[in-house]
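TrEMBL annotations:
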type: TRANSMEM; residues: C:6-27; note: transmembrane segment
type: TRANSMEM; residues: C:34-54; note: transmembrane segment
type: TRANSMEM; residues: C:60-84; note: transmembrane segment
type: TRANSMEM; residues: C:96-117; note: transmembrane segment
type: TRANSMEM; residues: C:137-156; note: transmembrane segment
type: TRANSMEM; residues: C:185-205; note: transmembrane segment
type: TRANSMEM; residues: C:217-238; note: transmembrane segment
type: TRANSMEM; residues: C:250-275; note: transmembrane segment
Amino acid sequence: MQLLNGMTGALIGSAIAAVGILTAPLYVDLFQIMQLTVFAAMAVLALSLGFIWGYGGILCFGQTSFFGLGAYTYAVAAINFADSTPAILLAILIPVIFAALLGYFMIYGGISDVYLGVITLTVSLILFNLVNSTAGDFYKIGDARLGGFNGMPGVPTFNLPGNPGYILTPEQAWMVTGIALIVVYLGLRLLIASSFGRIIIAIRENETRAALLGYDPRIYKLITFMIGGAIAGFAGALYVNWGAFVSPTIFALGLSAQIIIWVIIGGRGTLIGPIIGCLLLQWLVTEIGAQQAFDANFVLGAILIVFVLLVPKGIAPTLRDMVMSRFAERGDAPPDVSVKVKT
Amino acid sequence: MTLSRRRFIRNSAAGGVVLAAPALIGSVARADDGPIKLGSLHDLAGPLAATGEPMVYAIMLAVKEINDAGGLLGREVELINYDTQSNIQLYSQFAQQLAVRDKVDVIHGGITSASREAIRPIFSRFRTLYFYNTLYEGGVCDRNTFNTGTTPAQTVEKLVPYAMNLWGKKAYIIAADYNYGQITAKWMRKYVEDNGGEVLSTDFFPLDVTNFGPSISRIQAAEPDLLLSAMVGGNHTAFYRQWAAAGLKDEIPIASTTFGLVNEPATLEDAESRGVLGSYGYFEELQTPASQAFVEAIKSEHGAQTPYISELAAASYEGVHLWAEGVKKAGSVERMAVIEALETGLSFEGPSGPVVVDPKTHHVTRNTFLAEVVESRWNVLETFEQQAPLDTAAVCDLEANPNDTTHYIIDI
Amino acid sequence: MDIAIIVGLDVVSGIASLVLISAGLAVIFGMMKIINLAHGEFLMLGAYATVLAVNAGVNIWFAMLVIAPVFVGLVGVIVERCLIQFLYGRLVDTMLATWGLSLVIVGGTTMIFGNTIVGVSSPLGGFQVGAYQSSLYTPFLALMALFLMTAVFAVMRYTRAGLIARAVMQNPDMAATLGVNPARVYMATFGAGAAMTGLAGGLLAPVAGVVPTMGAAYIAKAFITVVGGGTSVLWGLISASGLFGFINQIAAFLTTPVFGEVILFIAAVILIRLLPTGISGRFFKGRL
C-alpha cells in the first residue's frame with residue numbers, strides 16, 4: 001500500500017490545515033463557518049467508512065447505524081447531564097459497544113462481502129423503524145424525550161470541558177470540529193503506518209495468506225470495525241453539536257448511500273479521498289438546492305455513474321497518479337495531496 | 001414540463017427584481033437598504049416535492065401581488081427560495097444561510113414537523129421571524145413563530161361527529177406512524193368518545209409500508225361502522241387502493257384528516273375515492289370569488305401540471321400576506337415590531353376567508369371546511385366559520401410566558 | 001375459521017408479492033452475480049408504463065402483462081449496453097452505478113411527469129369468505145407469481161437458451177471456451193430480469209401508490225430477500241420469499257405493521273448469520 005508520501009507530508013499538510021482552520025474565522029463569514037462545521041463533521045463520518053472499507057476491506061452499508069447511535073447518545077446524554085463532555089465520551093462508547101456486538105455476530109459468523117453489506121443495511125433499517133416509532137410521551141430516557149419522527153430539538157451544544165456554563169460560540173465549535181477532523185485523520189494515518197495497520201491491509205489483500213502467517217483475521221477485522229464505529233459515533237456528536245437537532249432520518253437509507261458515494265468519488269484506499277469526496281458532494285448538494293435548475297437526484301445520480309465508469313479509482317488516487325507521473329519525469333518529489341484538507 | 005417549471009421558479013424569484021425595478025426607481029429611491037427579503041424553505045425534490053411545489057407557487061403569487069401593489073413600506077419584496085430536497089440536514093443548512101448570510105426579514109417554510117423542529121431554534125437564535133404554514137398536530141408555543149395551518153381541534157372536531165352521524169358509533173382508526181399520526185389519532189379517539197362512540201382499535205403504519213393486506217383483514221375482523229384515517233404519503237395511497245380492491249369501500253366508509261392533502265383524489269380513480277370525507281382549512285374547489293381567483297392565478301402561471309392546491313398552499317399564501325399586514329402596521333420590518341403588530345390580532349381576507357392571528361398562541365383563527373370526494377374532486381359540504389386553535393390554547397399562553405419556545409405534546 | 005382463511009390468504013399474498021418484486025433482481029443476481037440497485041426504479045417504470053398506457057386508452061390487461069415488461073425489458077437492455085457491460089466482475093461498482101442510475105431515473109421521471117399521476121384501479125372485484133371480503137386481485141397476484149416461477153423453471157430446464165444460461169452461470173470461462181458468447185447471455189439475462197421487474201411493476205400499479213419515489217419502498221426488501229435466498233435463482237427466491245413473507249404477514253397481523261417490519265428484518269439478519277451464503281447456498285446447492 002503506497003501511503004501518500006510518508007508521515008512527514010501528512011504532518012506538514014495537517015499543520016497547514018490546522019492553521020487554516022484556526023484562522024478561518026478571520027476571513028470567512030459566520031455562515032460559511034457554520035457550513036464548514038457541518039461539512040467537517042460529515043468528513044469525519046466519511047473517514048470512518050474510508051478506513052474500514054478502504055483499509056479493512058469491510059463494506060458496511062449501514063455506517064449510519066453508528067453515526068445515528070452516536071448522535072442520539074450525545075443528544076440524550078447532553079440533555080440529561082447538561083454537560084457535553086461526558087456526552088461526547090458516551091457518544092463514542094455506545095457505538096463502539098454496538099459495533100463490537102454486531103461485528104462479533106457477523107465477523108465471527110464468517111460473513112463477508114455483500115452479505116455483510118446486507119446485514120449492516122438491515123440493522124440501520126431496524127434502528128430507523130424503532131427510533132421512528134418513539135413518538136409517544138413515555139419514550140423518554142431521563143429528561144430526554146426521543147420524539148419519534150419529529151426528532152429531538154434544542155439539544156445542548158458543546159461547552160468548555162468542566163464548565164457547562166460556557167457554551168462554545170459557532171467559531172469555537174468550528175475550530176473544535178475542524179481540529180477533530182485533523183486529529184482523526186492523523187490518528188488513522190499513524191494507525192495505518194503501525195504494525196496493526198500493515199496487518200489489516202495484509203488481511204484485506206489476502207485473508208487466507210494472513211491467517212497462514214499466524215494472524216487471526218477475525219480479531220483484526222473486529223477491531224477495525226469497532227474503530228470505524230467509534231469514529232462514526234464521534235461524528236454523530238459533532239453533527240448534533242452543529243445543528244442542535246437529531247431525527248431518525250439520520251439512520252435512513254439515503255445517508256448510508258451518500259457516505260459510500262463520498263468514499264467512491266474521493267477514492268478508496270486513501271484517507272484524504274473520502275474527505276475530498278465528502279466536501280465536494282456536500283457543497284454540490286447545497287448548490288443544487290440554492291439554484292433549483294435541476295432535480296437534485298438527477299444530478300447526483302449522473303455524477304455517480306460518470307465516476308464509476310470514468311474515474312473508478314476516485315479523485316485522490318487519480319490526482320496522485322497524475323501528479324506522480326508528471327513529477328517522475330522531472331525527477332522531483334511529489335507534494336502531499338493531503339494539503340487539501342483545509343478547504 | 002417540470003424542468004421548465006423549476007427554471008421558472010428560479011427565474012421568477014430572481015427575475016421579480018428585474019421586472020419590478022423600473023417601477024421602483026421613483027418611489028423607492030429613499031429605501032437605502034434595498035429590497036425586503038423573504039426567505040422560503042420547501043422541498044422541491046424527493047418524496048415531499050409534490051407537497052412543497054404548490055406551497056412555493058402560492059408564496060410566489062403572494063410576493064408578486066405585494067410587489068404589484070407597490071411593495072411594502074415603499075420597498076420591494078425579494079423572494080429567496082431554497083430547495084431542501086426532502087433532507088433535514090439541508091433544512092438546517094439553508095436555515096442558517098437565510099438567517100446568517102442572506103439576513104432575510106422573514107422566513108416561510110418547513111413541511112414536516114421534524115423539519116420545523118430542526119429550523120425553529122435556529123431562527124430563535126438568530127432572531128429571524130418565522131412562519132410555519134402547514135397543518136400539523138398543534139402545540140408549538142414560540143413567540144418568534146407563527147403557525148397559519150389548522151390543528152386537530154379545528155378540523156377533527158368537525159369531521160368526527162359529522163361522520164358518526166352519517167355512519168354509526170363504532171370507529172376504527174388508522175394513522176401514519178409518526179408524531180402527526182399518533183397525536184391526530186388521540187384527537188380522533190377523544191372526539192369519538194365525546195360523541196358517545198367507541199374506538200375498536202388503532203393501527204399505526206410506518207411511512208414505507210405498501211402492503212396492507214393483514215391490516216385490512218384486522219379491520220374487517222373488528223367490524224367497525226366507519227374508518228378514521230390519518231395516513232400520509234405516496235405509499236399509503238396504496239391503502240385506499242387495496243381497500244377498494246377488497247370491495248370494502250362501500251361497506252365501511254372512510255373519513256380522513258389527510259386524504260387529499262397532497263394528491264390522493266387525483267391519483268386514485270373515482271371508484272376508489274368517491275365518498276371519502278375530509279376536513280381542512282381550504283379546498284381548491286371552494287367556490288368563493290377569492291378562492292377562484294387564487295386558484296386561477298396559480299394555474300394560469302404554472303399550467304395544467306400544477307399539483308392540487310391544498311390548505312398548505314392557501315395557508316402559505318395567507319401567511320405571506322399576514323406578515324405583510326404586520327409590516328404595514330408596524331411601519332418597519334424589524335422583528336419585534338412586526339411580532340407586536342401581528343399580536344394585535346391582525347387579520348387577512350384570504351382564499352379561505354378571514355384569517356385572524358391569535359395573540360396567545362401565535363396560531364390563527366380561520367374557517368374550516370368539510371367536503372366529500374366525488375369524481376376525484378372535493379365537493380364542499382359544510383363551512384365552519386372562524387374556528388379557534390383551542391388545542392394549542394389549552395397549553396400555550398404567550399402573553400403570560402413570552403419566553404416560551406416549547407413544542408407541547410397536548411395531553412388529551 | 002373465516003378469519004383463518006383470510007389470514008392464510010394474506011400470507012399467500014405477502015409471499016407472492018415478495019416473489020414478484022424480487023424475481024427480476026434474483027435472476028440478475030443469480031446469473032451475473034451483480035446487484036441492480038435501480039431495481040426499485042425498474043418497478044416504478046413498469047407501473048408508470050402501465051398507468052400511462054391505460055390513461056391513453058389501452059386495455060389494462062394488455063398494459064400490465066405486455067407493455068410494462070416489454071418497455072422495462074428494453075430499458076434493461078439499453079442499461080446493460082451503456083452501463084453494466086463495463087462493470088462485470090466489479091460487484092460494488094455495479095451497485096454504485098445502478099444506484100446512481102436509480103437517482104437519475106427518479107429525477108428524470110419527476111422532471112417529465114411531475115410528482116402526480118392519475119393511477120389505475122384494480123380490474124377485478126372482491127369476493128366473500130363468510131363475513132369477510134377480500135380482493136380477487138390478491139389470488140390473481142399469487143397466480144402470476146406461480147406462473148412466473150414456472151416459466152423461469154421451464155425456460156431454464158427445458159430450452160436451449162436455458163441450458164446456455166445455466167452453463168454461463170456455473171462457469172462463464174468454460175462456456176466461452178465451448179463457443180458461447182457470455183456477453184450476449186449477460187445482455188439477454190439483464191433484459192429478461194428487467195422485463196420481469198417491469199411485469200411486477202405493472203401488476204403492482206393498481207394496488208400501489210404510483211409516484212416517482214415508490215421504488216425506495218421495495219428495494220430494501222427485494223435486496224434482503226434475494227441475498228437471503230442466495231444465488232440459486234428459483235429455489236433461493238421461493239424459499240426466502242416464503243419464509244420472509246410468512247413471518248412478515250403473521251407478525252403484522254398479530255402485532256402492528258411496525259413490528260411486522262422489524263421482526264422481518266431481524267429474521268433476515270439471523271438467517272444470513274446462520275446461512276452466510278443464503279438459504280440456497282445450504283439447501284439447494286447447484287440447483288436452479
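Cβ atoms are placed via backbone N, Cα and C, with glycine included.
Because TrEMBL annotations are produced automatically, they should be read as predictions rather than curated entries.
By the Cβ criterion (under 8 Å, sequence separation of 6 or more), the transmembrane segment (C:185-205) is not in contact with the transmembrane segment (C:96-117), since fewer than 3 such pairs are found.
Residues 21, 24-25, 28, 60, 62-64, 67-69, 71-72, 75-76, 79, 84, 87-88, 91, 94-96, 98-99, 101-102, 105-106, 109, 113, 117-120, 190, 193-194, 197-202, 204-205, 208, 210, 212, 214-219, 222-223, 226 of the same chain lie 6 or more positions beyond the ends of the transmembrane segment (C:34-54) yet place their CB under 8 Å from a CB of it. Using a Cβ-Cβ cut-off under 8 Å and counting only residues 6 or more beyond its ends in the same chain, the transmembrane segment (C:217-238) has close neighbours at 18-19, 21-23, 25-27, 29-31, 33, 35, 37, 39-40, 43, 102, 149, 152-153, 156, 244, 264-265, 268, 271-272, 275, 277-288. Counted over residue pairs separated by six or more positions, the transmembrane segment (C:96-117) shares fewer than 3 Cβ pairs under 8 angstroms with the transmembrane segment (C:137-156), which leaves the two as not touching. Among the listed stretches C:60-84, C:137-156, C:250-275, the one sharing the most Cβ pairs under 8 Å with the transmembrane segment (C:6-27) is C:137-156.
Beyond the ends of the transmembrane segment (C:250-275), by six or more residues, the same chain brings 7, 10-11, 221, 224, 227-228, 230, 240, 243-244, 281-282 to within a C-beta distance below 8 angstroms of the stretch.
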